[in-house]
Amino acid sequence: MFATAIVAVLLAAASSAFPHAAREASKDDANVSVQLSAVGNTMVKAVVTNRGDEAISVLRLNSVLDSFPCRRVDVYKEGKKMEFEGLLAHHDMQNLPDDVFATLNPGDFAENTFDIAETVDLSAGGPVTVLSEGVFLLARSDSTSISGMVQYRSNELKIDVDGVLAAKVESAGGLRRRNLDKRTSFYLDTCTPAAMKNLTALLKSTTDYADAGARAATNGSLATFETFFKKTDLRTRRPVASRFRAISNETSIIDGGIVRLTCSDDFCKGTINAIADSWISFITICPRFFSAYPPTSPECHATDQTSILLHEMTHMRHVYSPGTNDFAYGYDNVTKLPADQAINNADTFAIYAAGKFFFFWFFVPYPIASSIPGLIYFHRFLPWMLNGKVIGTCRRCMPTSLLRRHLGGKSL
């Protein structure tokens, strides 16, 4: 009887907990424009202009305005996208300093000049097309808290590359790899004993998160899946589940898999928590990763060490191809991505899987609670009241597949 009442309450609330109305970011947004121009053999200048009528602050990180050798542009040769050989950095999005934003009044612009040979092998030379397309994360002009996002697509820049000159460009990834090869020859050899112990445990919890994500993508709530990935057909669900299973297979091996982990890197600066080098299947765990986040978090949609490691694993193209990109961070932003970006966005996978795995009721973890009929949980904080006293709190996203099972297989 008590369990039946719980299900009734949750069913009534669930329609608002997993809204279909989370607005996707339109690719036709015109408030921000990006213009690319060639300023040397492989040097490109990007000019970002505020075309709107209000001041905005554009996040430079993981964008065409970033000085870090991230995926600022895509390069195409003979109609085929060339392999990205740069780095992807995971940033702390909750404690961003002022200098990682470009504040633009209406009509103002910011620019960045970079060498595309840093992140793409152009030694063969010849004609290529350069394009930047993606998302700018935005803050209000008086804040450093992310409050929205805007889609953009640049012009297509044609360049005839001199391969001999391009081959002389030292790629940031290549320089980093040589330094790592001097120091790192096996799993976690640059980590302290405490960090090694922590990461070994985190690989186990990452396996659990990935397993939960795979189960949910295969048999879970269609409504929840659609909130994150925008489509619910098998052509969408199967690759999502397959990526999770591939990650689970990798992280369960611990020290015998494809991916190598290190705790030492000269790029670990500022807000960077971790760095993914998909080209050589290398993940760097930066010092702030251990100090800024708990191993797991009971807060709904919160970032924790396990979700960061899962996020980084989705970038690894040798684990599951293609590796993901970093279009957006955080629940509010990833759920606004269109379908083609959502299925290739690392944080979409991380948040979806984390929400499917870990929550509390009477401080009982999901693997135990999911086997007990009647222990069904909700998307946000939900105190259960008995005789005026709080007897438990759900603090992680509701496992909707469990609710669906108790509702006789009906989708929310």
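Each residue, glycine too, has its Cβ placed from N, Cα and C.
When you check Swiss-Prot, the disulphide partner of CYS268 from the set CYS286, CYS300 turns out to be CYS286. Recorded residues ASP326 (Zn(2+) binding site) and CYS263 (disulfide bond) have their alpha carbons 22 Å apart, per Cα-Cα distance. Rounded to the nearest whole angstrom, the C-alpha distance between GLU312 (active site) and CYS191 (disulfide bond) is 18. Look at the Cβ of each of the disulfide-bonded residues CYS268, CYS286 and count the other Cβ atoms within 10 Å; the largest number goes with CYS286. When Cβ neighbours within 10 Å are tallied across all protein chains shown, the highest count among the recorded positions GLU312, ASP326 belongs to GLU312.
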